[in-house]
Every structure is written in C-alpha cells, then in structure tokens.
Amino acid sequence: MAQWGLSSYLVVVRSLQALATLISAILNGFLLVYIETKKLGPSDVMLVLEIMTCVTLVYTAIVLLVQHTGRRSLKNRDSFTFAFVVGDILFTGLTIGLLSIISRSGVPANCGGLTRSDYKSTDAADNPSQGYDTVRFGSGDEKGELDHFCGLEKGYFFITIALIFSYMATVTMGVLRIAGAAFRRKMDERLATANELVRLESKISRTRTSLIRQSSAPSSPSQEGLGSPRSFGSNRPPRRDIMIAQQQQQQQQHQHQQQQSPTQLQHHQQEHIQHAQAVRTSIPVSPLTITTTSTPIDPAREGLLIDHHHHHRHQTSVDSIEGAAEAAMITDGYRGPAEQNHHHQHHQHNALAHSSMISSAPPPYVPGESSRFMTGHTADESNEMRLSDYVKGQTRAQDMKDGGAGL
C-alpha cells in the first residue's frame, strides 16, 4: 500500500469516525433533552453516555485536523502518528465501555434502563395514556410511552460498535504508517551512504584519470629543467639538427672505414693500380702513326696518385669528425683538457697507423726497364726508391698534420 493511499484511508476513516460520533452525540443528546424537558426522570446513564460521546467527538476532530492537514516534518509527523495510535487504543477502550454501559440499559432489546424507576417530586406524574403501562421507557412486559424513542438509542448502540472497529482500523494503519516511515528512513540512510560512496568513487576515478593524463602527456618546457636535453633540443634550429645528424652519419662511416683490416686496404689499393693499368693498356694505337712515343706511367707516380686519393678521403673523414666534435661540444658542453688530449692522442694514433699501413704496401711489378732510371740520378739509385721515400715522407707528414700532431 502506497503512502498516499494509506493517508487517504486514514482521512476517510477519521472522517467517518467524526461523523459517527457526531451522529451518536446528537441522537443521545436529543433524547436526553427531551426526557429532561418532559420531567420523565432520565437516568444518569444517558448523561454519562453523552459526556463520553462528546469527548470522543472532540478527540476525533483534533486527530482529523492535526494529523491530516498542514505540512510537518517527517519526525514530527511520526511523533503525532504514534500519539494518535495510543489515543485510538484508549478511545477504543472507552467506546467498549460505552457499549457495555448502554447494553446494561437494555439496549437494543429495550430502553427501560435509560429512565429511573423511582419518582421524585419534580418528576411528572405517572399517568400513562390508554394502552401504555408507564409514561417512561418500559422494561420487560411493560409498555411505556417513550418506547417509540428507543430507536434512537438503538442507532447509538450500533454506531458505537462501528466506532470500535474504526478505531481498530486506525490503530492498524497508524502502526503501518510508523513502520513505513522507519523503513523509508533506513532506506534514505542507505541511499545516502550509497550516493556518498558513488560520489567518492567518481572523485577517485576523476583524480586517477587526471593523473594518468598528466603522466602520459609530454612535459612542457616550463616543467622541465632549462638544461635538460629535451628543452635544449626543442629550442635548437631544425637546420642545425640536420647538420649534426649528417656529421654523425659521416663519423660512423669513418669509424667503419677505420675498422677495416690492413689487408682490405692493400687489396683496395691494388685494385686501383690494376684499374689504372687496364685503362693505360686499353688505349688503341693507330697503325697510321709514323712515330709513336710510348710514355708508360711510372709505378711510383701511380702510387702517389693512389696515396693522394686516400689522403683526400681521409681528409674528408677528418673534417667530418671535427664537425661532429664541434656539434657535440655545442650539445654536450665543453670537455676538459684530459678528454681533449685523450681524443687527440687516439686520433693521432689512428692517423699514424693509417700512414704506416699505406707506406708498407709495395708497388706492383711493371715489366720494362726503359724508365727505371731518371735523368740526374746515379746508377745505383732507382726512380722507384727516390719517389717512394719522397711519397712516404710527404704522406706521413700530411697525416700527422691532419691528425693534429703538430699543434
């Protein structure tokens, strides 16, 4: 049963109680006034019934006005409901007392107990009309002139019985109303607790989400240190980044070339010499030429050209290394003298090893002795020996100069 339905039933029952109590009070009151006016000796029972009925009417009116009109808080409403439940129980007992009193008066069988059996000086004389035994209510086999008013008291009797059941109904609905209010209060507390838990969980979830977003988002320059690599790299021009990347790539290529074995370098030098000889021998000689002067290329000169080619490649690698070192100094900062000396010694060692490796490679054998001796040389000194010593000395000096040994 819904709350509004229970309240509606209570209002209806209270209204019926008030109406029934009013009717019973009118019935008993009218009869009491009539008997008193006619001096027919009303008994004290009628006066007690009238007083008790009027009290019941006042109580019912108060309950109807207080409990079912106006707006009150839940706590006050429950208090009033509890008080009215207790009142209904008391008035149920009162109504049962009324019923027992009126039953002892002979109602509903007869109404002989509602008038006195004795007469006072102020009472009317007992001169009944023809066909009646008394001017008052008759009892038993007697027939009184007031018996035709006995129906009013019978109505009062049945109304009292209905009031007893109505009070039982109001007590039951009042208890249900209190129980429903207590249940709703507990449910409200549980819902409030659940809502608080949901609110806390949502707050924790929002906090966790914000922390995850902050941790996954890239740090801004203001949050990072001024000397951090990320902030430094973000302020660096794009063109410088490209140059540094190219220099690093060249440095890696140079390191890869330095890691090659001396045998591979000698083999590479021999391939260059064989290629030059193949080009020289592949030049066609015209049969129409009357006089041909063949000037074969000296092996020492070929070695000089090859050394110059390797020296040019080594110079390019050294320049790329120096550019990478300058870029590294810009990025990582100035290095101490110990680190510079170590880097200088390592580079000088690589240059000396490279020059000695090139100078140790013997020139290839070329058939023919026409160009063995040069003009101005002694007979014991060959062209290959003089040019080889000269080329070796120049190459070693150039490598040491490029490596920084002379600084």
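Cβ atoms are placed via backbone N, Cα and C, with glycine included.
TrEMBL labels come from automatic prediction, so no person has curated them.
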Between 108-157, 358-407, which stretch does TrEMBL give the note region 'Disordered'?
358-407
For the transmembrane segment (47-67), what are the same-chain contacts with Cβ under 8 Å, counting residues 6+ beyond its ends?
10-11, 14-15, 17-18, 21-22, 24-25, 28-29, 32, 77, 80-81, 84, 87-88, 91, 94-95, 97-98, 101-102, 156, 163
Could you tell me what the rest of the chain brings near the transmembrane segment (12-35), counting residues at least six beyond its ends with Cβ under 8 Å?
41-42, 46-47, 49-50, 53-54, 56-57, 60-61, 63-64, 67-68, 114-115, 146, 149, 152-153, 155-156, 159-160, 162-163, 166-167, 169-170, 173
